[in-house]
Amino acid sequence: MVLIRVLANLLILQLSYAQKSSELVIGGHPCNINEHPFLVLVYHDGYQCGGTLINEEWVLTAAHCDGKKMKLQFGLHSKNVPNKDKQTRVPKEKFFCLSSKNFIKWGKDIMLIRLNRSVNNSTHIAPLSLPSSPPSQNTVCNIMGWGTISPTKEIYPDVPHCANINILDHAVCRAFYPGLLEKSKTLCAGILQGGKDICQGDSGGPLICNGQIQGIVSVGGNPCAEPRVPAIYTKVFDHLDWIKSIIAGNTAATCPL
């Protein structure tokens, strides 16, 4: 039986930021260098995640990506040959839906990071829009990240890979993930026949539908990209009021129940 797995994985950080043990998008293709100006590489203590720039000072990622001495890289495409406009920041503040780090609670795996200073928009750095409405079933969406391109072999690309997947009926995910409630604030997305999926190391990265961030990579199957085992994404639309309140300065804002 495919085991549920949390998608952050050990990353051996080297000066070149080469990855030796993390994983990312399965069944995709190398992203175009201009395709992901909002994509953030989040790393700490040997772990890596993805993230999404939503304005010059704020990043969305998964709560289980939290850690000490976090760094965030913007404008990154090739890890070995960085863009000239690459920028690095650290968190100034972090905001969570949970008072504890029990991030496995469905629909609460979200973290909002305020940067220590704003990033400068450039050729390879620009925010992604928040959702204006939730995605409907069968919507084609995009996933992306810097990890393994094989579910069984350690094949790590230098540049992020992208893949298209579909928003699926929530019942498909409930059939596989014990305890996932029908009304949980999550999205179920993938390819029913398998072959395309997020994987370890993709945690916190975006699910992009119609040019907007609709989901945050949370939990998936192990091995990745198995038939009828889609991944679960925190549903950004259901957290819009909380996100906007925090950014507006209401740091006591509470998450939706």
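Just so you know, the numbers here start at 1 and follow the chain as drawn.
Note that Cβ sites are derived from N, Cα and C of the backbone, with glycine treated the same way.
For Cys173, the cysteine that Swiss-Prot lists as its disulphide partner among Cys188, Cys199 is Cys188. Of all the recorded positions given, namely Cys49, Asn121, Cys173, Cys188, those whose Cα is no farther than the 10 Å limit from the Cα of Ser203 (active site, charge relay system) are Cys49. Secondary structure from DSSP puts Cys65 (disulfide bond) in a helix. Comparing the recorded positions Asn116, Asn120, Asn121, Ser203 by how many other C-beta atoms lie within 10 angstroms of each C-beta, the top residue is Ser203.
The CA atom of Cys49 (disulfide bond) is located 9 Å away from the CA atom of His64 (active site, charge relay system). The Cβ of Cys97 (disulfide bond) has 20 neighbouring Cβ atoms from other residues within 10 Å, across all protein chains displayed.
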